[in-house]
Amino acid sequence: MSAVESPVIVTEPGSLKPQGLTQTATGGKFGAAATVKTTPTKAKPYVKPQNANNLQNNFNPRKIFTEYISKEETDAGIEDGSMFKGVLRINPKNYQECFLDHPKGTNHPDVLVLGQDRNRAMQGDVVAVKIKPKEDWLVNYVEYVKWWAEHKKGDRNSGKTDNNSPNKTEKRCLRNEIQDNGVTSDEVPDSCLITIGAIVHILEKKHFRVAAGKLQLMPNSANPNVLFVATDSRVPRILIPKSDVDKEFFSRPKDFERFLYTAKITDWRAESVYADGRLVKLLGMSGEIDTETERIVYEHQIDHREFSDECLESLPITTAENWKVPDAEFEYRRDFRSDIVFTIDPKTARDLDDALHAKHIDDCDGKGTPGLEIGVHIADVTFFLKEGTELDKWASERGNSTYLSQTVIPMLPRILCEQLCSLNPGVDRLSFSTVFKMSYEAELYDVWFGRSVIRSRVKLAYEHAQDFIENPEKDFTCDELPDISDGNTPFEIKEKTLMLHRIAQVLRQKREDSGALRIELPRLKFALDEDKKPQGVSIYEIKDSNKLVEEFMLLANMEVAKKIAENFPEHALLRNHPPPKEKMIKDVAEQCARIGFPLDGRTSGLLSTSLRKYQGKSRLDMCIRQVISSLTIKPMQQAKYFCTFEMPLSFYHHFALNVDHYTHFTSPIRRYPDVIVHRQLAAALGYNERSERVPEEIQEICTRCNDTKLASKEASDESAMLYFGVFIHQTGPMKCQAVVLGVMDLSFDVLIVEYGVVKRVYVDKMKRDFNKSTEKLTIYWPADPNAESGNREEFSSSIQMCNVVYVILVPYKSIEVSATIVRPSLEQRNILKSTLKDMKETGSTILQ
């Protein structure tokens with residue numbers, strides 16, 4: 001079932017009008033308190049209008065968009081190369097700009113689709129695109145100027161002078177250059193142009209065609225519809241029939257301005273700039289955490305329904321109370337209950353799906369060499385979750401758990417993810433284990449896979465493990481740690497943690513030496529009060545304790561991938577990561593070189609080596625690292641699940657990890673692909689028969705899980721931005737240090753150093769100059785009699801990539817945050833002057 005066909009979330013409208021004087025929630029569906037004030041109205045039942053699916057408007061029937069060509073024509077065009085197939089990406093800051101990967105590969109810039117050529121397609125849709133004539137392509141000004149200087153300025157026959165050099169208008173098509181400067185289409189190389197395409201057919205509607213937004217009156221009172229304006233600018237405005245809307249909206253629309261509704265697009269005709277749609281329901285007051293969270297969940301179609309009785313009844317066990325591991329399981333499972341097994345997780349985690357143990361052994365290689373046994377124990381979810389059951393279908397559709405700032409929307413019922421499957425301390429739990437025998441230098445000699453029984457001794461938080469690592473000589477007491485079961489001591493837990501830490505460091509170094517890459521982008525962490533409102537915000541810091549767990553999860557995933565690929569070469573579910581887009585990573589490298597930070601992105605190893613140069617702990621190093629990480633992440637392609645059926649071995653490669661086989665095995669509580677991998681590994685080991693699912697079915701699951709994983713990530717990111725916005729609205733304007741990421745003629749993008757948040761700063765109301773070729777923006781500050789002494793006169797300041805500036809974060813609208821550049825102080829200007837010499841010597845544009 002494709003995303004757009006899914007019936008899961010889009011439901012028949014409920015109440016579509018604000019009701020009562022005051023609605024107060026002490027904790028809404030997503031846990032945040034909300035108070036909504038409205039004017040009194042009487043509730044009325046929803047009545048479906050007879051003409052709801054045949055909206056007519058009074059617009060000129062002239063076609064605004066071109067009609068789609070037939071599927072047969074599309075298939076033929078893709079086959080003969082006159083068209084190509086791609087996934088549409090719409091610029092969230094400018095819905096008139098859309099992008100697709102170039103059909104000739106990643107060494108070419110993206111194909112650009114502009115304005116009406118988008119032809120009613122939406123974000124994420126799989127579309128057929130026809131390349132427009134070369135004369136309609138846009139000029140890539142920077143590359144074009146280089147070509148002009150080399151090939152036209154010295155051409156005596158051209159008769160051109162400096163006054164005839166190319167126009168600097170950013171969006172200028174080749175046709176203009178042909179007319180104005182006498183060039184021909186054939187002589188201008190494609191590398192100087194941006195390929196322009198037009199969408200001719202939608203092959204798959206990946207976008208759900210749903211949105212959250214607000215209602216507006218139509219400017220034409222004779223029009224029988226209401227305008228729905230989505231919060232996501234990439235979604236078109238939607239015509240809603242008047243019969244869907246509370247009658248009182250038309251007499252007092254101002255009272256409805258702050259309310260958020262949800263709507264579903266039913267059609268988008270070629271003769272209308274607006275889509276047709278239906279109102280689904282009233283969400284609540286915009287700006288309230290619970291309302292905005294429901295908006296996020298709805299827009300990304302995250303299934304947050306309570307699990308049905310049929311789902312729960314499909315479990316072999318319906319209650320967790322007094323549950324014990326059946327005796328029959330001990331007959332074939334390896335028993336690790338005598339080993340000191342424990343978990344390391346976030347402090348608030350309740351779904352504990354992985355545990356570790358480590359111990360010294362006398363023979364790690366069969367030759368009497370002392371070494372280590374490391375056990376990675378993963379919750380045996382498939383013991384409870386049987387293939388083909390109602391719950392299995394639900395889990396497959398959800399694809400994964402979704403983590404929001406204040407809550408988790410689980411993939412599985414809480415009886416599994418928090419009780420029966422969670423590797424809680426002090427109780428016997430079923431697990432699926434990978435056990436490694438290795439030397440103290442992390443040379444791997446043997447891997448054992450199998451079902452097992454464990455008994456975790458303690459639930460450590462990352463903070464506890466980090467305390468052990470930072471204070472190895474300290475004698476920890478029981479009061480400093482969570483409860484430890486089975487008579488083990490804090491000393492024993494500490495020693496096992498340090499043993500794991502030492503070997504994890506070696507494993508990590510080996511991976512980095514072999515070319516593994518890690519790009520760490522800042523992640524926000526919020527301190528919440530009892531009402532789930534933000535009281536503080538910081539960047540989540542990845543420490544050695546996090547890296548400890550990560551290393552052993554990676555190792556287990558890699559070894560399991562090899563095992564299932566070997567046993568099921570046509571059915572294995574693996575995860576690959578394509579290399580970055582060649583042209584984009586080359587452009588990023590050139591950008592970084594211009595600002596004095598060499599970067600080599602030809603391989604993951606070379607890129608990793610480049611990034612490790614900026615791993616220092618100073619404020620300057622952190623700024624550089626954040627900027628370069630933000631730049632290098634853009635050319636990266638998404639890692640994806642796939643079925644190995646008829647795939648070449650080269651397709652298996654994981655660029656970031658630089659390994660040939662990788663999968664996800666270690667989180668079956670929160671990722672459905674891990675469930676499939678558990679079943680495949682169990683079949684490879686002879687525990688059960690191989691699944692009857694054919695490769696095409698497995699690939700369909702992979703595709704769906706790729707989609708749900710992306711939707712969950714985007715929802716999680718939006719939730720973080722929601723909470724950040726609420727925090728700024730609570731605290732008021734905030735002055736922050738920021739680093740410039742990119743410069744345009746009317747604005748520039750900055751990375752807020754303290755929070756890792758990217759904001760756009762507009763300077764369109766200031767006097768300014770912009771040099772496109774050097775990407776340098778000069779701002780002219782007017783005289784200010786209220787400024788500090790010595791800083792009152794008019795002066796200019798330059799904005800280039802990697803400059804450090806100060807901005808004010810200001811509450812904007814209901815929950816949004818805008819950034820405004822701060823007038824540089826006299827001290828900052830003096831520092832700037834004193835660093836100019838150093839900048840010239842090093843080629844760096846960092847301003848401290």
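Even glycines carry a Cβ here, placed using N, Cα and C.
Database features, via Swiss-Prot:
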type    : residues       : note
BINDING : Asp345, Asp354 : Mg(2+) binding site
REGION  : 153-173        : region 'Disordered'
SITE    : Asp353         : site 'Important for catalytic activity'
(message) Which secondary structure state does DSSP assign to Asp354 (Mg(2+) binding site), in the simple three-class scheme?
(response) strand
(message) What are the sequence-distant neighbours of Asp353 (site 'Important for catalytic activity'), meaning same chain, six or more residues apart, C-beta distance under 8 angstroms?
(response) Ile378, Ala379, Val381, Cys421, Ser422, Leu423, Thr666, Ser667, Pro668, Ile669, Arg670
(message) Applying a 10 Å Cβ distance cut-off over all chains shown, what neighbour count does Asp354 (Mg(2+) binding site) have?
(response) 22
(request) List the same-chain residues at least 6 positions away in sequence whose Cβ sits under 8 Å from the Cβ of Asp345 (Mg(2+) binding site), in sequence order, or say none. (result) Leu352, Lys459, Leu460, Ala461, Tyr462
